[in-house]
Amino acid sequence: LKETALKEDLKFYFMNPCEKYRARRQIPWKLALQILKILMVTTQLIFFGLSNQLVVSFKEENTIAFKHLFLKGYSGVDEDDYSCSIYTQQDAYDSIFYVINQYKQLKNISLGTLGYDHEGSGLKICKQQYKKGTMLPANDTLNIDVSTETECIFFKPQELAGKKAELKLNSSFFNLEFYRLIQVEISFKLKGIALQTIHARELPDCYAFQNTITFNNRAHSGKIKIYFDSDTDIQECKDWHIFGSVLQKNTQYILVFDGFVILSCVASLILCTRSIVLALRLQKRFVNFFLEKYKRRVCHADRLEFINGWYVLVIISDVMTIIGSILKMEIKAKNLTSYDVCSILLGTSTLFVWVGVIRYLGYFQTYNVLILTMQASLPKVLRFCCCAGMIYLGYTFCGWIVLGPYHEKFEDLNTVAECLFSLVNGDDMFATFAQIQQKSTLVWVFSRLYLYSFISLFIYMILSLFIALITDSYDTIKKYQQGGFPVTDLHEFLKDHGSIGYRKERTSMPFICCC
């Protein structure tokens, strides 16, 4: 009786939701809840994405506006990783004073809703330079102290129009000795309000822009690169009054919808956690019974049969959705401004929810091939990638150290890794060959040997072997589906057990099982 009861419980556990309904009339609540959750979570993500899109566009458009406002002669397109460059001393002085003058007249020239940050230090200008020394390039003579010193000057917004500001502008601080100048850094903070969210029936956000303009003269090559960096921080509006019932009602409706999403995820979390707990109890019963009757332990593979990885994935997704939804509600109510954290949580949870759909497709043999092939090939693929990764890292370091001075795609390790990965996928090959500078014949010949050997090795050999591993696993799964999968102790234990005690009526099935 104990063995029969155990076999019936095991057989019932490994049934799909529709088979469980036919056997014991157990309604597939988890299946119905997962389908409902997919719809709700996806709808929630779309709403948040549209709202986040307004935030991103506001940041980007303000950054472009700042470059046109504060960088003299800015063309509208960055030259490289820096915004623009200057080549004469007069251009350097003009560019620095241009920033000060534009900051002074900001309210009269800006088209945006911008204002000064009166709580901060205002406009801050710092110059970093080597200590006193002499340099005579004509005589190949250099006498300089490489230790650096930094000197700063501040301009408050309210004093820019006064005599105090004029005295500072005429001070010796602005007498730059370019042979020992390393960089000049101008930083200031501005505040703004995004009103475009009102058109999307959302409450507006308040922004703080920490702008930094750096005149980089570290190379002392006759070219000063000008970098513009703007760090945007979304802050709570301290005092706001918005009139319009539609805006308030729209916010309330979305908050209520987010509340329903949290409730559905909590219900899904409880059901999946309960299923895992029951599965572990059933595993313990089976292991103890097997040890008691057959005097041997159950293999590791059979133990893992009881751990449903899909439930673990759903639990992780539910936890992330709950936390993300709470953050989204706080952002919607303008109590928090953690857009990045919220987008990561909601985006990853939605990814897991849609990946979890594969579980239900796996109940059909024709759809189950993908899952089984991935399970069978994953260990071999990981071992293969470890070996191939060693070769890849070798090529990465070699290309960086040899080709870095002659090719922009090999200037740093991260760029080299991205360039080589694109070559493996057949992208941008001709440009990579053509852009190598022909200043050194030895390096040019080495670059050809390097690129030809890498492309031949990875595309024709390593990539082909990688595909062959997956193809081999696919062929194995197809043979198993035709001739039967290998029988384990668990399958042998359940093989001769019939369907005693289960009802087989197929009438009055739920619509979801019928589908």
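Don't overthink the numbers, they just go from 1 along the chain as shown.
Just so it is clear, glycine is given a Cβ too, placed from its N, Cα and C backbone atoms.
If you look up TrEMBL, you'll see 55-238 marked as domain 'Mucolipin extracytosolic'.
Annotation comment: TrEMBL describes 341-477 as domain 'Polycystin cation channel PKD1/PKD2'.
Annotated transmembrane segment per TrEMBL: 253-282 (among others), in sequence order. Within the chain carrying the transmembrane segment (253-282), a Cβ under 8 angstroms from the stretch's Cβ atoms is held by residues 9-10, 13, 29-30, 33-34, 36-37, 40-41, 43-44, 47, 306-308, 311-312, 314-315, 318-319, 321-322, 325-326, 328-329, 332-333, all 6 or more beyond its ends.
Using a Cβ-Cβ cut-off under 8 Å and counting only residues 6 or more beyond its ends in the same chain, the transmembrane segment (303-326) has close neighbours at 13-14, 34, 41, 44, 258, 261-262, 265-266, 268-269, 272-273, 275-276, 279-280, 282-283, 286-287, 342, 345-346, 348-350, 352-353, 355-356, 359, 490. TrEMBL lists 303-326 (among others) with the feature transmembrane segment.
Marked as transmembrane segment by TrEMBL: 338-361 (among others). Listed by sequence, the residues of this chain that lie at least six past the ends of the transmembrane segment (338-361) yet keep a Cβ under 8 A from its Cβ atoms are 31, 34, 37-38, 41-42, 44-45, 48, 52, 55, 234, 310, 313-314, 316-318, 320-321, 323-325, 327-328, 331, 367-368, 370-371.
What TrEMBL records for 381-403 (among others) is transmembrane segment.
Per TrEMBL, the feature transmembrane segment maps to 449-470 (among others).
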>> Considering every residue in the domain 'Polycystin cation channel PKD1/PKD2' (341-477), what is the mean pLDDT value?
In response: 87
> Quick one: DSSP breakdown of the domain 'Polycystin cation channel PKD1/PKD2' (341-477) into helix, strand and coil?
Replying inline: 116 helix, 0 strand, 21 coil
